[in-house]
Amino acid sequence: MSTTFLSVMAGLSGIVVFGALISVFHIYTDINSFVDEAHRELGAFRGVANDAWNSMVNHDDSARVARSVFVRRQKKQSQCNCGPQASNCPAGPPGPPGASGDRGLDGQPGPAGKPGQPGVAGPAHHQQQECIKCPQGAPGPAGAPGNPGPQGPNGNPGAPAHGGGQGPPGPPGPAGDAGSPGQAGAPGNPGRPGQSGQRSRGLPGPSGRPGPQGPPGAPGQPGSGSTPGPAGPPGPPGPNGQPGHPGQDGQPGAPGNDGAPGSDAAYCPCPARSAAVFRHRNVAVNRHRAVAKKRVVAKKRVVARKRVVAARRHVQA
């Protein structure tokens, strides 16, 4: 069961992973297509923007001419012929420079130039001039220490020593390596015969450990008929048994006798009692007895249940 469950879960996991890979591939393809489309739209937008700019620049001169004509006409129409106008007035000071215009487009490339004439070797002019002698400058800072030079040659041998004498013996050297084993020696002469031995008898040793238990023996023969043995002593009392089921309710008791009539009141005589009064009294007494009996039965049931629960706990313990 566990192997089948694991196989099913492994198959479902593989399907989910395969679906995730396919989704990633689709998302990657969609992103690439979106990027390509965005680049194409940007290129088209740049082309439209360049065309619009070129058309605006080409029509700039005509727009300026039309604008100047319109402004002059507007100025002429805005003149007022209210009085004589001044004439031959001196020119006013030049106005402030206007705002710089937009940068114009690059011009068309000019035609290729004509090839130049071939070069001619000219005469060489050599003028010998003396070197300019400058005064000596201040000494520069000390340089870094140089690399060590090569080792010098060996010196001449010294003069021989005189009167040294032989020195004390040196300490013992380390032990040498073990030598190879020597050849076997010649066999020796036979030894003398030994003395005669004495026979002795030792004491018995201690007893050994008991051996393992042997196999069970064969069943014995049936015994001869004999009288039963005497009765053993009585055993200890056993535990209390479980409480029995509650018994059935008993039969309702017989109705009681009628009570004696009460004494009359002191202030007025009571009328004689009728049979309806006695019947009502009997019904009330019977009801009271039934209610009391039900209460007793309910108490007995509660006590019996408690005993059953206590017995179960005792058995479990």
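Here the Cβ of each residue, glycine as well, is placed from N, Cα and C on the backbone.
What you see is a predicted model, and the numbers here were worked out from it, not measured in a lab.
So that you can see what the record holds, here are the features copied from Swiss-Prot:
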{"type": "COMPBIAS", "residues": "108-124", "note": "compositional bias 'Low complexity'"}
{"type": "COMPBIAS", "residues": "135-145", "note": "compositional bias 'Low complexity'"}
{"type": "COMPBIAS", "residues": "175-206", "note": "compositional bias 'Low complexity'"}
{"type": "COMPBIAS", "residues": "207-219", "note": "compositional bias 'Pro residues'"}
{"type": "COMPBIAS", "residues": "230-240", "note": "compositional bias 'Pro residues'"}
{"type": "COMPBIAS", "residues": "242-262", "note": "compositional bias 'Low complexity'"}
{"type": "REGION", "residues": "80-262", "note": "region 'Disordered'"}
{"type": "REGION", "residues": "92-124", "note": "region 'Triple-helical region'"}
{"type": "REGION", "residues": "137-199", "note": "region 'Triple-helical region'"}
{"type": "REGION", "residues": "202-264", "note": "region 'Triple-helical region'"}
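Under 8 Å from some Cβ of the compositional bias 'Low complexity' (135-145) lies no Cβ of any residue in the same chain that is six or more residues away from its ends. Helix, strand and coil counts under DSSP for the compositional bias 'Low complexity' (242-262) come to 0 helix, 0 strand, 21 coil.
Taking H, G and I as helix, E and B as strand and the rest as coil, DSSP gives the region 'Triple-helical region' (137-199) the counts 0 helix, 0 strand, 63 coil. Residue counts for the compositional bias 'Pro residues' (230-240) under DSSP, split into helix (H, G, I), strand (E, B) and coil, are 0 helix, 0 strand, 11 coil. Helix, strand and coil counts from DSSP across the compositional bias 'Pro residues' (207-219) read 0 helix, 0 strand, 13 coil.
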